[in-house]
């Protein structure tokens, strides 16, 4: 969605900033919803094909996310770079920067391909059941071919978002869903003359969908008048290692930060899985609901990155802080709604997922824990987004490491496994880690933004 770069003079500046950020964030939130729906469709198709297929796709998807987090996080630095160039009136520099980001995305896509090729032979050593390994291997071997397309797609997406144009994220997200659902069904079950591929079919459908989305985005950028002046594809340009190195210096810490947070939740799920099927199922329900709630602050944080970066580029430190506070205001409101829904409706929500009384009872309790971390989760992701807009990424990386792996994971494992508190203990660790990250990231933005504001004072 396109939004104005400046606020109307007749409108109070803060209220206008809230509106601008909200309009910018809405397509991003809906884009994340489409991603969640793709995961839902994968599970439905696989689940109806068979328990073994569902288990294979679940394992394969979890392993797919690990190599995805670092490239996606690394490339998101392009959003802040582009937004700052737009704010500074230096849009001529965006085309060359984008072409170097494409080279970087090619390398990151190749690394994804290599990881997904190397992991399947190791599955038996991870304790994966022997009957699941073949299906998970087939899924990973198929989906790996979409790795380069995925990184190209996110490179183009972050360019577009940095230009204050977020509508393609939503449209291509739902477009991908429309491609994946029928294609996954046909290839998984073997319909319309195609062979039945099971879990491999979903991997093939996912890879094809990634390429369709990437090609569609490239055609849009090439043909759109909105981007014509950037001359994105007018000529070939070899890699310039200095420019790529600058992108990595800003982006790689973001990728590691995203991996630290994502890894916390992945390892927590694995540890809870050791406690039993009831505990694992209850945790999966609670974490799925939490992820749905998280889509809103994540989209607002991405919009805040753009707004903060634009203010930095135009040399407006007060506007930079106003953009961040607008993001905080939106997130505090949305998280209050999410927490209230979880507190008041946790039993009803669980009833949608399961009829198993033991699973429902535990999941209902875990949703109360999820309600508790709505505010710290929203604040930490918003603070991280604001810091990305400042291109302040190295210190936040260490703050994330300390919060999630120095505090959250040790405490969760100690309480959940060491003291026998079970999933509740692990979730206390999640709450502590997210709360520590929220406090430290918030203080970091406060410190950095105040320094920039003071430095700009006459």
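Backbone N, Cα and C define each Cβ position, glycine as well.
Computed from a predicted structure; not experimentally measured.
Of the listed segments 125-142, 143-160, Swiss-Prot assigns transmembrane segment to 143-160. Sequence-distant residue pairs (6 or more apart) of the transmembrane segment (360-382) and the transmembrane segment (288-310) include at least 3 whose Cβ atoms are under 8 Å, placing the two stretches in contact. Here the listed stretches are 21-43, 58-80, 288-310, 323-345, 421-443, and the one with the most C-beta pairs under 8 angstroms to the transmembrane segment (167-189) is 21-43. Against the transmembrane segment (199-221), stretch 143-160 has more CB pairs under 8 A than any other of 21-43, 143-160, 251-273, 288-310, 323-345. With a cut-off of 8 Å on Cβ pairs spaced 6 or more residues apart, the transmembrane segment (323-345) and the transmembrane segment (21-43) reach 3 or more such pairs and are scored as touching.
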